[in-house]
Every structure is written in structure tokens, then in C-alpha cells.
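Trainee: Dumping the structure here so I can ask a few things about it.
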Amino acid sequence: MTSRSSLSLSRVAIYATLLAACAVYLIPLVVMLLTSFKSPEDIRTGNLLSWPEVFTAIGWLKAWDGVGGYFWNSVKITIPAVLISTVIGALNGYVLAMWRFRGSQLFFGLLLFGCFLPFQVVLLPASFTLGQLGLANTTGGLVLIHVVYGMAFTTLFFRNYYVSIPDALVRAARLDGAGFFTIFGRILLPMSTPIIMVCLIWQFTQIWNDFLFGVVFASGDTQPITVALNNLVNTSTGAKEYNVDMAAAMIAGLPTLVVYVLAGKYFLRGLTAGAVKG
Amino acid sequence: MATLELRNVNKSYGSGLPDTLKNIEISIDSGEFLILVGPSGCGKSTLMNCIAGLEDISGGAILVDDQDISGMSPKDRDIAMVFQSYALYPTMTVHGNIAFGLKMRKMAPAEIEAEVARVAKLLQIEHLLGRKPGQLSGGQQQRVAMGRALARRPKIYLFDEPLSNLDAKLRVEMRTEIKLMHQRLKTTTVYVTHDQIEAMTLGDKVAVMKDGIIQQFGTPRQIYNDPANLFVASFIGSPPMNFIPLRLQRRDGQLFALLDSGQARCELPLGVMEAGFEDREVILGIRPEQILLATAESRNQSSIRAEVEVVEPTGPDTLVFVELNQTKVCCRMAPDDAPQVGQTLELQFDPSKVLLFDAQSGERLLPGKAQPLEHKVAQFMTG
């Protein structure tokens, strides 16, 4: 009896804690959503958590007017950058795991430095390089920066994934007559779904949410949505339109949310892949 | 169908590091089954990878049908390999696994289908063709791995410890099947194992390796009956050969080995006339099945009484341990003849089966292939 009641008591405590944690995470989102659907009068009269008197999409429409164009900028930057950096990372990882060469460990070690370099360190050299290449203030330039910066991470992901795959597979394929790219395309890539997903989600989140590179290397019409959102929210003229700010923030945040919901299960699977079988 | 010859093959991973393979000389005829056997780290897998072309050799030549292939890439060597881990392509079906090598060789689709069907029938895996490797048992994966090698009809098959991941029962079954397959197909085969029973049962020729050096190369019978040194003698045979340290004595021009069981002594006549062996520390080797129970008629100067210390029944025969010259000696007996612990036995040695090894170098001394002593000593001093 006592053990039973203490068990249920601890259960209650656990669930209460979990619910409290959920609330901490979810209330800001709820506030954002509610506010984005309120009318300006509603915001002035009600408090933060009050229910909107009328649901209106006016905030969303105005927000889309403000940041919609930049949303497509972000899409045009993010999708090529994510794809290219993932492909390069996969090839790098394949070589570093399966075709060791003299110094490949050192090469990998140096590449890892890229993961620990703060963004700010590369700003000046990167802007100089982009200027020399004639890519300053272009979408292509931002794609290049994100590919180069993301390569260290994607290589790390793929290399560690491929290291856990027995190299007898590659040797068997070589004896079967397959070449470098055939082995990669026919044998390894079909096994790589989990780590591809990890890479895509990671890179998408990084690049979509990037503000610093966007604000430094793009200007005017080529700016990504993060910069546009900042510009919208930080305007000092006119009355604060919180519903528009919130809707714009939601628009900026939705794609990463959608990607995570769609591919999240692969993300967890990919992160733990190789953890069981050394 | 091809001959395989390894000429003075050397392999090292860079100066300063010890050589992985040293002066490997092996030659086998078309259709022969060669076993590379040795403890782990002896270089047998490296040698196999060198034959396959997965690793380069540092010196020497590898000849298939008298053509040097050591400079060719693996895919041009026309060699197929079965890996210890099977290395099946996990995302392909069994059919895809077998067909992959054929597709890579640009075979016509109809021929590929025919070949896959032939191999599947041969290995009785027709019902598995649509499955992925992950859905197969260990034994089935093993078959598929063999099927992949068979499908290409290569000049040479390489097997890298193919049975070591199977359980004991399945291992014996697959061993017989591999032997059967080889008898039927008669393809030149190189088979790496650390299991001396596989080496004895499968091989036409056996190369026993240690530290990158071939200790002995010969038929299983030669390796078993006529080992070149202590290592080969101890590695091949289960239970292993008994090694009894002793000092040789000479009387009336005859050499004798002195055995002492604590209860009795005996002088085993070795019948060797050469001079220079007396008072030498040697190791006497005799296999457990070569020690017999003495009968009333056979009892003579080469039999000795000893007390039984341990009895281990294994089923088909019983292992009886006695102590001679402070060394445990195993005798293999029929279960019906097996004594009790503590009982005293009269054991009989067949002097013609006894092998002698140098106590220091481990080299085989007598009889037969042993070199003259002067030469041995000279070698020992310079070596």
C-alpha cells in the first residue's frame, strides 16, 4: 500500500514537473500566436495572455508584405547552400573514412577547427574574398560562405557515420569491380539516409537562422529574412505593431519548425547511429 | 582455373616498422586448395589482401597463370573474395548482391539472371533472393557471400576466415559444404583461417605462418606428421602435441631419451647414430594418440609406468594426463580403455614416431629432415 501511494505521489511529481517544463517552453509560442492574430486595439486593451476578441489575419498579411520578399531570399540562399554543403560533406567523409591517405587524420583534425571557429573571426577575410571574387552583396556570395563554413560540420557528420561502417564493404565492392564513385553512389549513399537527414536539418537550421553573415554580406534586396525581421521590428518610426512583429517572427521561424517535424525522427536516429555498434 | 605463385613477396608499412610479410614463397597448382593458417597477427590476412590487390606489396611478385598481377588493380585481377564479416551490401537484396559484380563487369541482363539463378540453385538460396541481408541468419548470409564470389567465376577464390562468425555446429556443416563445393568446381582457392582443424580438413596445401614468415609449407599430412619446428608442431593438432624437455644420452653408439614419471624411469631408444647429440637439451615431441597402453607382450624398454592425474572424457576418446619429466603429458585413449584417476598405467612410446626439437631454437632435429648438427650450431651462432 505504502509503496503504491508513494509511487503515485512520485508519478504526480514527475508529471507536474514535465508539464511545468512544457509550459515554460510553449507559453512564449502561445503568446506569439495569440498576439499575431489580435487586432492592434486588442493588444492595447488586453494583457499578454488574453484571448483575442476577434481573430484577424491582418497582422500576418502586413508581415508578409514586409518580409515576404526576403523569405524567398532566404529560400534561395538556404536550399543551394544546404544541398551543396551536404554533398561536399558526404564526399569528404567518404574519403576520410574509407580511403585513408597519408596525413588524412591530420587533415581531418585541421578540418575540425572549422567547427570551433566563431563566425566573427572569418568576417573580414571572407568579405575580402567575396569582394575579390565579385560576389559581394549577392545571394551567390552568401551561399558560398555558408557552404564553406558548413563543410566542417557536414564532413564531421559523414566521416563519423562512415567510420562505423565496416571497410570490408568497400573492399568487396572494389573486388566486384566498382570504382570510387560507384562505391559511393551504389553502396554507401543508400545506407546514409539517417546521417543525410541530420546534415540537412542541421545545415538548414544553421543557414536559415543565420543573422550575422546575412547582415554583413548582403544588403538591400538580397538580405535574408532574419535581417529583414530585425529591420521590421527595430523600426523607430510609427506605432509598434506587435501583431505584425509576431506574425513576421512566426514566418521566419516556421520553415525550421516544419523541417524538424518532417525529418525529426531521422535526426534522433542519425545522432545515435553508430553509438551501439562501435 | 589458374595456378598461383608467390615469389619472394615482402610487405612492410614503412621503414623502421617490422616487416609484415617476409620472403613469402608459395606455389600451388590449378585447382588446389591452399590454406594460410597461423595465430592472429601472423600476416595471413595481409597476405590475402595482397593477393586480392587491396594492399600493395613492397617487393616480389604474385603470379597467376605465370602472369605477374602485383601491379594490377583489384578489379582487373579476376579474383573473388569471401570476407569474414561477409560484407554484404545491406541496402541490396540477395539478388542484387550476387548480381552487383556482374553488372559492374557489364554483363548482359539476361546472362546476369541466368548466372544468379545458377548460383542460387548451387547454394540452395533461391527462396532468399528477394530478401535483404539483414533478414538472413548467419549461415544464410555466409551462403550469399559465397554466392557473390561464385557468380563471377573468377580465376581464384579467396576466403578470409569465412566460418569464424558461425556457431560451432553450423561451422562444421559449412566446412563440409565448402569442401564439397571445391571438389565440384575445382577452382584454385586460398583460404585464411586460424583454426587448425579447418586447415587440416580443407587444404590440399597448408602454409603455417608466424610473424610474417612461412614456418612450413606442405600437405596437411606433412605438416601434421613432419612439422618443421616447435611452433608448427604445437599449432597443428588438437589436443596439441606433448613436449617433454629432456637430455639425450648415448650408450653403445645409440641415443636414448631419458623419461622419468616419478614412479619409474625408462630409456627410450632413438636409434640415432650421429655424433654430437649426447648431453644436449632437446624437446621430445609426441602426439597424444601416439602414446599407447602397453600390453603384456609389447612391454619393453620403451614403456614406462606412470600415475594418472586427470581424466577428461570427450566422447569419442578420453584424454588421460600423466606427468613425465615434470611436464603434463596427454594421452588419447579409447573410452573403454580409460583408467581411473590415481591408477598406474604402463605407457608405450613408439620411438619411430617421436620427434626431437632443439630446446633453444625450436628447430626440428631428428629424424629425417634434420640438418647436421655443425650446420645448425653455425646457424644458431650467426643467427
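Every residue gets a Cβ built from N, Cα and C, even glycine.
Okay, these came from TrEMBL:
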TRANSMEM  A:12-34  transmembrane segment
DOMAIN    A:71-263  domain 'ABC transmembrane type-1'
TRANSMEM  A:77-99  transmembrane segment
TRANSMEM  A:106-128  transmembrane segment
TRANSMEM  A:140-162  transmembrane segment
TRANSMEM  A:183-204  transmembrane segment
TRANSMEM  A:246-268  transmembrane segment
Trainee: With Cβ-Cβ distances below 8 Å as the criterion, list the same-chain residues six or more beyond the ends of the transmembrane segment (A:140-162) that contact it, or say none.
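Mentor: Answer is 77-78, 80-82, 84-86, 88-90, 92-94, 96-98, 108, 111-115, 117, 119, 122, 126, 130, 133, 188, 192, 194-195, 198-199, 202-203, 206-207, 210, 213-214, 217-218, 222, 224, 270, 273-274.
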Trainee: Counting Cβ pairs under 8 Å to the transmembrane segment (A:106-128), which of A:12-34, A:77-99, A:183-204, A:246-268 comes out on top?
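Mentor: Looking at each of A:12-34, A:77-99, A:183-204, A:246-268 in turn, the most contacts to the transmembrane segment (A:106-128) are made by A:77-99.
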Trainee: For the transmembrane segment (A:246-268), which stretch among A:12-34, A:77-99, A:183-204 has the most Cβ pairs under 8 A?
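Mentor: Going through each listed stretch, the top one turns out to be A:183-204.
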